[in-house]
Amino acid sequence: MSIISQHFQESAASILNNIHLESQIEAAAKAIYASFETGNKLLICGNGGSAADAQHLSSELLNRYKRERRELPGIALTTDGSTLTSIGNDYDYSEVFSKQVSALGNAGDVLMVITTSGNSANIMKAVEIAHEKSVTVVALNGKGGGKLSPLLTDSDFDLVVAGDVTARIQEVHGLIIHCLCELIDSYILD
């Protein structure tokens, strides 16, 4: 089997192995939509490839996914290099998202954290601050949920992708992001 065939087959199997997340994805989409409907916003963060996923989701919300609709306030906390390096330098890298959640988050907002391991200190600190501010958390998680899952409350959403291969978890996260966009668009337009 070629490397390409192997990747395609592993990716397809990983996607199908995570269909059990369907009801959780729909519940998370409804929570994000409800936040938008009350004038609140979605804050999004992640590291590395997950930071790129945060920016991807933000662009789909601020602009559009497939259909024309109003602009939606989805803000990636991963894009401001000056802010990220200032906080990382003056304090600690573990605070690069929590300080932004502290400054920007309000009760009724939603924080989406994207992590393939569930073990990033800066993600966990962002969740702690979100809870202090009555911000609901949607976690796109992986590898059994890591240290993050126990921090989440009953009002949060922990979408733990089954599997141990980072690339496969990232691919499922991308699909979940597209599902969320499609669902939110349908709530607004249909």
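Backbone N, Cα and C define each Cβ position, glycine as well.
Automatic prediction, not curation, is the source of TrEMBL annotations.
Going by TrEMBL, these are the annotated features:
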DOMAIN    32-190  domain 'SIS'
BINDING   Asn47, Gly48, Gly49, Glu60, Asn89, Asp90, Thr115, Thr116, Ser117, Ser120, Gln170  substrate binding site
BINDING   His56, Glu60, Gln170, His178  Zn(2+) binding site
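Feature map: TrEMBL annotations on the structure.
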| residue | record | DSSP class |
| --- | --- | --- |
| Asn47 | substrate binding site | coil |
| His56 | Zn(2+) binding site | helix |
| Asn89 | substrate binding site | helix |
| Thr115 | substrate binding site | coil |
| Gln170 | substrate binding site | helix |
| His178 | Zn(2+) binding site | helix |
So which of the binding-site residues is most packed in, judged by how many other Cβ atoms lie within 10 Å of its Cβ, out of Gly49, Thr115, Gln170?
Thr115
Would you kindly give the Cα-Cα distance separating His56 (Zn(2+) binding site) and Asn89 (substrate binding site), rounded to the nearest Å?
26
By a simple count of other Cβ atoms within 10 Å, which of His56, His178, the binding-site residues in the record, is least packed?
His178
Among Asn47, Gly48, Gly49, Glu60, Asn89, Asp90, Thr115, Thr116, Ser117, Ser120, Gln170, the record's substrate binders - longest CA distance, Å:
32
Around the Cβ of Asn89 (substrate binding site), the count of other Cβ atoms that are within 10 Å:
9
Can you give me the Cα-Cα distance between Gly49 (substrate binding site) and His178 (Zn(2+) binding site) in Å, rounded to a whole number?
16
